[in-house]
């Protein structure tokens with residue numbers, strides 16, 4: 001029996017994860033991370049920090065007969081996630097705040113707190129899997145000096161490919177995976193709902209939220225206007241030859257691949273190609289120019305903890321819901337790689353993550369850099 005802290009959002013995924021661990025005989029404690037203090041009009045009931053979702057998690061824990069606590073991480077969330085989100089947009093990147101929340105709050109901070117409180121593991125309702133290989137399959141882990149086999153932890157895609165969240169977890173390393181559990185990674189979403197309903201869990205039919213928790217409705221522009229009005233400086237919209245074809249209302253309001261809302265008339269459809277921070281300019285061009293075969297990535301980490309010594313072939317995924325496609329990754333220097341795709345990719349976006357896979361196994365990933 002293990003002592004397990006499970007992070008609970010109030011939704012069906014983490015609720016079933018808690019139930020499965022409890023039924024397996026583990027000593028389970030549910031916790032909800034209070035990250036964002038939105039007012040009632042701004043914070044939808046379906047979002048993770050709402051009072052309704054907190055009460056949902058509390059009801060499930062009461063139903064299971066396990067302890068439940070709420071941890072306040074508002075200060076850490078603002079510093080590590082909201083400020084990052086605003087800073088990235090102001091710098092001409094398109095950020096992924098949920099990925100940063102996973103990195104800094106849901107795993108780094110929560111794992112540290114769980115360890116301090118004497119828990120063996122942290123579990124979540126993420127759709128991903130962890131596999132433990134006793135015999136190393138690569139050179140990243142060698143047998144221990146006494147000849148005993150060493151455990152090597154692999155992060156894998158979930159069984160449900162549509163719900164798979166491994167892209168958002170690429171930053172996890174060996175020490176993290178050794179203390180994490182993803183109980184629902186072997187199930188499809190339909191199976192999760194059915195299993196939750198069979199147990200009578202209060203959250204079995206709760207709808208999913210697709211919004212960023214601190215940007216209900218998905219419109220981040222109001223947050224930028226409130227907190228970083230200095231970043232919304234009007235400037236030129238330039239074509240690929242440098243000709244001004246219009247004016248923009250601030251770089252953070254645009255993203256790579258955008259067509260609508262540009263307010264320009266050039267005789268052909270034009271798309272955002274790049275955000276030129278130095279000139280405070282939005283660069284536009286035809287759809288064909290959006291496709292590229294190469295990119296550079298920075299802040300790259302590998303699940304194995306070892307840096308590759310040579311180029312390697314893999315499947316690379318450049319956004320959360322994109323397909324992973326064949327590519328070759330060439331290490332350049334610590335934490336930086338160059339990636340060449342077998343076929344051109346559309347709208348490669350600086351600030352988003354690129355994640356490397358070997359089949360279903362996550363190798364690592366990093367942030368797409370600006371050219």
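Any Cβ shown, glycine's included, is placed from N, Cα and C.
Listed in Swiss-Prot:
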type	residues	note
BINDING	7, 8, 9, 10, 11, 12, 13, 14, 33, 125	ATP binding site
ACT_SITE	101	active site, nucleophile
DISULFID	101-213	disulfide bond
SITE	126	site 'Interaction with tRNA'
ACT_SITE	213	active site, cysteine persulfide intermediate
SITE	352	site 'Interaction with tRNA'
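Features as recorded by Swiss-Prot, highlighted on the structure.
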residue: 7; record: ATP binding site; CB count, 10 Å: 24
residue: 9; record: ATP binding site; CB count, 10 Å: 23
residue: 11; record: ATP binding site; CB count, 10 Å: 22
residue: 13; record: ATP binding site; CB count, 10 Å: 26
residue: 33; record: ATP binding site; CB count, 10 Å: 24
residue: 101; record: active site, nucleophile; CB count, 10 Å: 27
residue: 126; record: site 'Interaction with tRNA'; CB count, 10 Å: 25
residue: 213; record: disulfide bond; CB count, 10 Å: 22
residue: 352; record: site 'Interaction with tRNA'; CB count, 10 Å: 20
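Once the Cα atoms of 7, 8, 9, 10, 11, 12, 13, 14, 33, 125, the listed binders of ATP, are compared pairwise, the greatest separation found is 16 Å. A separation of roughly 11 Å, to the nearest angstrom, links the Cα atoms of residue 101 (active site, nucleophile) and residue 213 (disulfide bond). Put simply, 126 is the one of the recorded positions 126, 213, 352 whose Cα lies nearest to the Cα of residue 11 (ATP binding site). Cα of residue 9 (ATP binding site) to Cα of residue 213 (disulfide bond): a distance of 11 Å. In this structure the C-alpha atoms belonging to residue 33 (ATP binding site) and residue 213 (disulfide bond) are separated by 12 Å.
A Cα-Cα distance of 10 Å separates residue 7 (ATP binding site) from residue 126 (site 'Interaction with tRNA'). Residue pair residue 352 (site 'Interaction with tRNA') / residue 213 (disulfide bond) shows a Cα separation of 18 Å.
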